[in-house]
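Annotated features in Swiss-Prot:
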- 604-665: coiled coil (COILED)
- 136-153: compositional bias 'Low complexity' (COMPBIAS)
- 169-224: compositional bias 'Basic and acidic residues' (COMPBIAS)
- 247-256: compositional bias 'Polar residues' (COMPBIAS)
- 266-288: compositional bias 'Polar residues' (COMPBIAS)
- 306-330: compositional bias 'Basic and acidic residues' (COMPBIAS)
- 338-360: compositional bias 'Basic and acidic residues' (COMPBIAS)
- 709-718: compositional bias 'Polar residues' (COMPBIAS)
- TYR384: phosphotyrosine (MOD_RES)
- 1-370: region 'Disordered' (REGION)
- 385-427: region 'Disordered' (REGION)
- 673-720: region 'Disordered' (REGION)
- 738-775: region 'Disordered' (REGION)
Amino acid sequence: MGKRRTQSLIDSNSSDSDSESETNLESDLMSLAKKRKKPQTAAKSSSRSDSDSDWANNKAGAPSSKKKKRQKPSRDSSSSESNWDDDSQDERQPARQSPAQTQQEHKPPEQASQPAQLSEQEEGEVSDSDSDKSKSNSSSSGSDSSSSSSSSDSEFDDGFDDDLMGDDEDRRRLNGLSEKERETEIYKRIEQREIMRTRWEIERKLKLARRGEKNQEKSKNKGERAKKKKEKREKKARKAREAQAPLPTQASTSTLLDVEPKPSNEVRSASPLSTPALNRDAASTSAAVASIMPDDAASSAGVSDYFDHKERSKERKKNVEANKTDDKRSNAMALLKAKREGKAKREEEEAKRMAEKDRDDDKEELDSVSGCKSAVKLKASEIYSDDSGSSDWDEEEKPAGKRSRSNSSKASSESEDEEKAPQRPVFITTREDLNKLRLSRYKMERFVNLPIFESTVLNCFVRISIGNNGQKPVYRVAEIVGVVETGKIYSLGTTRTNRGLRLKHGTQERVFRLEFISNQEFTENEFNKWNEVCQQSHVQMPTIDLIAIKQNDIKKALNYEFKDEDVDKIVEEKNRFRNRPTNYAMKKTCLMKERDAAMLRGDYDIAQDLGQQIDELENRASELDKRRSHTLNLISYINDRNRKKNVEDAEKAILEEARANKGLKISDPFTRRITQPRMGFKGAKKDEDDMQLAPLPPPPPGKKRPNEAGTSSASVRSTDSKDYSLYSLHDFDIDLDVPLPVNTNSVPKPASKPAETVSKRSLNLEDYKKKRGLI
């Protein structure tokens with residue numbers, strides 16, 4: 001049913017549009033083939049001819065079994081040519097009644113004319129138009145497939161929508177999850193989408209690149225195929241002329257022009273699109289024969305009866321196979337011949353160039369000899385050269401011109417040699433010039449950690465200490481010839497290093513540490529000593545040019561910009577030469593972490609080594625702590641001793657004071673006293689003045705005056721202050737005679753206690769001395 005539907009569709013299309021081209025028919029066939037996938041297992045298992053017949057079968061709508069049955073004799077033709085001819089004649093009658101005949105009857109005039117043209121093509125030939133049609137068909141199918149693939153590749157699809165959800169089942173599953181699980185799943189899908197999108201973009205770019213390469217290859221192959229077709233046509237025409245040349249003209253005309261017309265309704269096993277190539281071949285062969293054969297119709301008719309159709313088909317088949325093999329052989333031979341010719345040409349050119357070079361060298365040698373410039377003899381190779389097509393006069397003029405050119409080139413080369421001749425080196429002869437190459441210890445401290453330290457200090461000079469002569473140090477001028485590492489780590493300024501310099505003094509070389517380099521300049525005696533040693537040892541002195549070079553190196557080292565790698569290297573080197581870590585606690589913590597990690601990994605040896613390092617670090621830290629706290633302990637001991645001594649001295653002073661006072665209370669003017677404020681009035685002061693102005697009554701007999709009594713009372717008071725016994729306290733005299741005032745009329749007012757206006761605490765120095773009895 002499928003085959004009938006296809007045939008009916010083709011017939012309807014052909015009947016509706018008679019002017020439709022063959023390309024539209026092919027596009028319709030391709031669309032039908034895409035809509036209905038037809039199994040092609042039989043076509044895949046068949047040979048190359050079967051695949052071509054299947055394509056023709058799909059186009060004609062005939063069953064593939066009949067095609068296979070019709071093409072079977074053509075496959076057996078390689079074994080026996082006679083059987084192939086008989087079978088082909090026997091199969092012509094069934095082929096005429098095939099469905100292709102009925103289809104051809106309904107085709108437009110353009111398609112119906114094709115079987116008539118097919119009759120002119122002989123069996124066994126493959127036309128160019130057939131291959132072109134098949135290629136166009138494959139290219140159209142390829143373009144369709146590429147367009148479909150490009151359309152599929154133009155959009156990225158991972159099976160989820162914009163909300164990162166799939167079908168309804170996936171939505172229900174996500175809705176059934178908790179919010180946290182849903183967000184986690186969506187986040188995973190986002191990451192997966194990014195990965196897949198990146199991979200898809202990379203694959204798309206690769207596909208586009210492959211398509212571009214394929215298109216370039218196709219365009220190149222098309223050009224090559226067109227070129228090969230052109231060459232084949234030319235070779236066929238040439239071979240046809242060569243093949244027809246030895247034969248009689250009548251025979252050649254009969255073989256080429258005696259073509260029996262075949263019925264138009266016959267469908268050949270080859271493609272019906274091969275007629276244009278046959279027409280082109282026939283035209284070329286007829287044109288080639290037209291120049292050879294005479295225009296005689298009777299002779300051509302007589303020769304045509306001599307050849308049979310079978311003989312002619314066999315000969316044509318042999319010619320086709322011979323053309324194929326000859327093309328390959330001729331191409332291979334042409335390539336091999338071209339390679340050999342190119343190689344021979346290159347060898348010949350190389351030989352010519354070497355010969356010319358030898359001739360020029362010989363001429364220069366002859367010209368350099370005095371008196372031989374006019375007597376230059378030419379070699380036989382120069383006169384009888386194979387590549388010289390000029391006359392004898394040219395050959396005679398050529399050496400003269402060459403001699404003149406060689407002379408001029410020699411003169412120019414001599415002038416250039418004089419200009420390029422190296423100037424005589426100027427050596428250092430003064431101490432000032434040598435001091436420009438000197439490096440001090442301060443600069444060594446700055447350069448020792450630089451990556452360019454060795455290249456900077458090489459060929460420089462230093463003032464090195466070699467020992468003492470009595471109590472005076474001895475220095476020598478030495479040249480730096482190398483940088484080495486010594487076995488001792490020493491301090492150089494603020495850094496520690498183990499580098500040393502290999503120094504040269506005359507012919508002697510020794511290694512010195514950087515700490516022995518002097519900062520002072522060379523003295524005159526040291527310079528003279530070094531100069532004398534160099535002359536005796538035949539050592540070349542440094543040149544003036546070396547000064548500029550080394551000064552540039554030193555300047556570059558002073559302005560060197562450190563990189564991250566340089567800083568890491570310097571830090572590592574300083575840590576290697578440091579006696580102890582900068583932070584014991586951090587170092588111990590790092591070692592403990594490494595030890596725990598090694599224990600978890602099972603590396604017990606490494607853990608044991610790390611434990612030993614931790615113990616050593618703790619021991620070193622404890623030693624440093626003792627050394628640091630030793631001075632602190634001495635100071636604290638001295639402070640404690642002084643404190644105890646002060647306490648003892650204070651106690652002794654207290655005891656002595658107590659022993660001196662003997663329990664007496666001594667008023668100290670500098671101690672605080674309890675005081676009470678009192679109000680003072682002027683009236684009381686006037687009363688005191690009046691009492692002082694009043695005359696005192698005479699003392700009773702046996703009594704002293706008040707002044708005397710005051711002195712005596714003061715003395716008693718002083719003695720009483722010293723003696724506090726009851727007897728002394730009650731041992732005092734009472735004066736019963738009271739003196740009366742002079743003015744009897746005045747009634748004395750009640751005496752009020754005089755107010756002390758001055759505080760007891762306010763004592764001047766004189767009162768204090770009086771109170772102490774110092775005055």
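Glycine residues also receive a Cβ, built from the backbone N, Cα and C atoms like all the rest.
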For the compositional bias 'Basic and acidic residues' (169-224), residues assigned helix / strand / coil by DSSP:
54 helix, 0 strand, 2 coil
What are the DSSP helix/strand/coil residue counts across the compositional bias 'Basic and acidic residues' (338-360)?
23 helix, 0 strand, 0 coil
Which value does the mean pLDDT take for the coiled coil (604-665) in this predicted structure?
85
